[in-house]
Amino acid sequence: MAHRVLLLLSLASAAAVAAAVDAEDPLIRQVVPGGDDNDLELNAESHFLSFVQRFGKSYKDADEHAYRLSVFKDNLRRARRHQLLDPSAEHGVTKFSDLTPAEFRRTYLGLRKSRRALLRELGESAHEAPVLPTDGLPDDFDWRDHGAVGPVKNQGSCGSCWSFSASGALEGAHYLATGKLEVLSEQQFVDCDHECDSSEPDSCDSGCNGGLMTTAFSYLQKAGGLESEKDYPYTGSDGKCKFDKSKIVASVQNFSVVSVDEAQISANLIKHGPLAIGINAAYMQTYIGGVSCPYICGRHLDHGVLLVGYGASGFAPIRLKDKPYWIIKNSWGENWGENGYYKICRGSNVRNKCGVDSMVSTVSAVHASKE
């Protein structure tokens, strides 16, 4: 009898501990550099239970559950490394913490390699944007404050980030041209856009298997435009093209790529609206918030996102001064990052961090109304 009571008390205690571990748990919220591996190992199962409950995760059997727990433990250690390498941001448990880095890249990153990005680094491009004046640029600017940015969307388990970047840029351009913010269709790109880069005939837009924003704009010029999300809703999977030209709500007039110069990027952002950009997403799987400015980050681009603004007041604890940053809209839902947004540092001391300046394109829209 006493043994049974002791067992019940132990189970109740374990349940209470699990319930207490929630989104505000300091390890869940942020992997603290001062912790040790033994603490992570001892508490990993409780943190994993909280993670499963918070994000509604389910696994097919006990073996899969055990495997995902082991991946979760690896990602706790990885988030700690990211925290050490990127101290001005917060890194910790996200909804992707049960995925290996390879699974994450394969499922959520879909920006195809492009020779055009290399040409831009070398100052060459067939669609180079004209140089704009940069005197008098504001210290802070955010298109969300001016009505040109739609709601944060979720690409799901589909490498269609490029389509969200392209549609977001056209949403902003269409707003500047017409004064109306339309929520545009990414699924039209996924199903119907098979445009190839002229410099790389084998690199074509391929739905959930990846694509490029510039080739997406080329497709729209040929197709006539893009339908609304309402008329052509997102499914998160490759499907048969159902494009209806009579339902076009936004069309591309022209597009160009912006030089690898932060002042020019800022000037184009203000003049043309949100910009379609590529980025190295190496630190984004564990990102929770703050200004990301990792000491080490490659410039290999693997994720398409939308640049919507910039600021100058991101606090940098290492240098005890403000760190300027870009404001980036992502396509992983509002329960990632800062309500779906990412901040990454900019400025002369950190030029082109994670390749953020390497692939930037602007688009101009013409008005297209339903007949």
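Glycine is treated like the rest: Cβ placed from N, Cα and C.
What Swiss-Prot records for 1-18 is signal peptide, and it gives sequence analysis as the kind of evidence. Feature annotation from Swiss-Prot assigns disulfide bond to CYS158-CYS208, CYS192-CYS241, CYS297-CYS354. Residues or ranges marked as active site by Swiss-Prot on the basis of sequence analysis: CYS161, HIS303, ASN330. According to Swiss-Prot, the feature N-linked glycosylation site maps to ASN254.
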Among CYS158, CYS161, CYS297, which are recorded positions, the residue with the most C-beta atoms within 10 angstroms of its C-beta: CYS161
Among the disulfide-bonded residues listed here, CYS192, CYS208, CYS241, CYS354, which has the most company in the form of other Cβ atoms within 10 Å of its Cβ? CYS354
CYS161 (active site) in three-state DSSP notation: helix
Spatially, and counting Cα to Cα, which of the recorded positions is closest to CYS241 (disulfide bond)? Options: CYS161, ASN254, ASN330. CYS161
To the nearest whole angstrom, state the Cα distance for the pair CYS158 (disulfide bond) and ASN254 (N-linked glycosylation site). 28
By CA distance, which of the recorded positions (CYS192, CYS297, ASN330, CYS354) lies nearest to ASN254 (N-linked glycosylation site)? CYS192
Please list residues from the chain of HIS303 (active site) whose Cβ is under 8 angstroms from its Cβ, counting only those at least six apart in sequence. TYR108, LEU109, GLY110, LEU111, CYS161, GLY278, ILE279, ASN280, ALA281, MET284
Fewest neighbouring Cβ atoms within 10 Å: which of the recorded positions ASN254, ASN330? ASN254
Helix, strand or coil by DSSP: which one applies to CYS297 (disulfide bond)? coil
